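First up is the structure itself, then whatever we jot down about it.
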Amino acid sequence: MTEAIKSSLRDSKTARWVVLILVSLAMLTAYLFMEILSPLKTMVQNAYGWDNSQWGIVTGAQGYLNVFAGMLILGGIILDKMGIRFTAITSGIVMLGGAALKYYAFIAEPGGDILGIPSQVFLAASGFAIFCVGAETAGITVSKILVKWFKGKELALSMGLEMASARLGSALALFGSPRIAAAMDIPTPIMFAAILLLVGLILFLVYAMMDAKYDKEGEAVASESDSSDDFKISDIGHIIKNPGFWYIALLCLLFYSAVFPFYKYGPDLMVNKYGVDPAKAGDIPGWLPIGTMLLTPVFGTLYDRKGKGASIMILGAILLIVVHLIYWTPSLDTVGFAYLAVIVLGIGFSLVPSAMWPSVPKIVEDRYLGTSYALIFFIQNIGLMGIPILVGKVLDIMNPGVSDKLDAARESLKAQGLSASEVGDKITEMRIAGDLPNYDYTNTWLIFVGLTIAALFLAIMLKRQDKKSGYGLEKPNMA
Ligand SMILES: C[C@H](NC(=O)[C@@H](N)CCCCN)C(=O)O
């Protein structure tokens, strides 16, 4: 009888799936906020006069605290020391705090400079940097939650479904945000997304109650004492001596740098190169997360059953080169090509992660797994920070005078007493009519082409190292 009560929660399929729904929806809200501003680049620039470098400062803020202040590593240590409940709730609060600051930057439109950066840009970047500390920590916490509840059961499936839910969050932001901004104003979608983060925090609180019950039932002792997912500073020395770790970490950096920053610049590319209406700027890039939701589990199953992990990563990198070459080629400027490229990107962005993440346990020993994932995310964040900044800077350099012309038009409209939203709408109209210039992305897009070529090179090196070290990347995961 006592045994039956003890094991009731963990063995309850319903409880497990309730946990999965709670944390998946919480991650949906996190990924939704992560991309809420991405499809608004054209509108934000038209309304507030940010140049591309300033856009890069805000969208690259993902890594300021996670990389420079080592918050991702600290998040791993906090998770290890303070446990799942504390870290889940704290990360929810941190995300909400960062989101509130970002919203304030847009609603208050503060004037003046902070550290030589326009106050609005500085506060929006600070809010996003804080939010991303919470979001990355929430990501590693949710993985640990799923291991706790699903280990030995439907673990891979639960992880796939949680990832699909997160991708749905990105898609909702890309499709919904510009429509809401066009119908209302720019701060409104940010406010909605912040309110959803509050819902995400409530979901984490509900989860914490279930988790406390689970632990009370005593079953958790075994799983909590399984320290394979814990972050340990002492492990770092062992991990970085492994060449396979470096290949996969750098591949992750290059690969994700060619994809996630696409969310930040792709919608504006659609407006400037393909003539898409800014209120629908996220529609074409929005098919990327939808495609990956469906395809990642398919390719994951393929890898589980048939193997060929290193080859899958090589194929994924080749597809990414094709995609970015299509976006780069000036003559391929009809919407059909934009859709074609995003479909191929969806296949590539499903292939690589479905092989990359399950390959890590083949390269590093189980006891170093938690630390390895945190380190890979840390290295990945360097790219997620650096690439948006670089793309913004290069875009400004490659388009001399464009921001100045937009600024001059904005100033004269402001002088007529129009609000930021009204100025934005007018500038948009003038750009569509050809009275004001658009940005030419051609040379700038070579950054993405270069990243994908480097990713292909690393994927080939990883396959060679696999042959040498016998990681078994080409072997199926299932016996
Ligand atoms: C699993 C993986 N997640 C990450 O790579 C996170 N470190 C970064 C998420 C940033 C989202 N803009 C993924 O989402 O594939």
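Note: Cβ is positioned from N, Cα and C throughout, glycine not excepted.
What TrEMBL says about this protein:
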type: TRANSMEM; residues: 15-34; note: transmembrane segment
type: TRANSMEM; residues: 54-79; note: transmembrane segment
type: TRANSMEM; residues: 86-106; note: transmembrane segment
type: TRANSMEM; residues: 121-143; note: transmembrane segment
type: TRANSMEM; residues: 155-176; note: transmembrane segment
type: TRANSMEM; residues: 188-208; note: transmembrane segment
type: TRANSMEM; residues: 244-264; note: transmembrane segment
type: TRANSMEM; residues: 284-303; note: transmembrane segment
type: TRANSMEM; residues: 310-330; note: transmembrane segment
type: TRANSMEM; residues: 336-356; note: transmembrane segment
type: TRANSMEM; residues: 368-391; note: transmembrane segment
type: TRANSMEM; residues: 445-462; note: transmembrane segment
Quiz item: Excluding the flanking five residues on each side, which residues at least 6 beyond the ends of the transmembrane segment (86-106) place their CB within less than 8 Å of a CB in that stretch?
Solution: 23, 26, 30, 33, 37, 75, 78-79, 119-121, 123-124, 126-135, 137-138, 141-142, 145, 186-187, 190-191, 193-194, 197-198, 200-201, 204-205, 207-208
Exercise. Using a Cβ cut-off of under 8 Å, list the residues of the same chain at least 6 residues beyond the transmembrane segment (244-264) that approach it.
Key: 35, 38, 41, 55, 59, 170, 174, 285, 288, 313, 316-317, 320, 324, 345, 349, 352, 356, 359-360, 363-364, 372, 375-376, 379-380, 382-384, 386-388, 391, 448, 451-452, 454-455, 458-459, 461-462, 465-466, 469, 471
Quiz prompt | Residues of the parent chain within Cβ reach of the transmembrane segment (445-462), under 8 Å, 6 or more residues beyond its termini | solution = 244, 247-248, 250-251, 254-255, 257-258, 261-262, 269, 310, 313-314, 316-318, 320-321, 323-325, 327-328, 387, 390-391, 394, 473
Exercise. For the transmembrane segment (284-303), find every same-chain residue at least 6 residues outside the stretch whose CB is under 8 Å from a CB in it, and list them.
Key: 38-39, 156-157, 160-161, 163-164, 167-168, 170-171, 174-175, 259, 262-263, 266-267, 270, 274, 276, 309, 312, 335, 338-339, 342-343, 345-347, 349-351, 353-355, 358, 476-477
Quiz item: Which stretch from 15-34, 54-79, 155-176, 336-356, 368-391 shares the most C-beta pairs under 8 Å with the transmembrane segment (121-143)?
Solution: 54-79
Practice problem: Tell me, please, if the transmembrane segment (368-391) and the transmembrane segment (54-79) are in contact, taking contact as 3+ Cβ pairs under 8 Å between residues separated by 6 or more positions? | Solution: yes
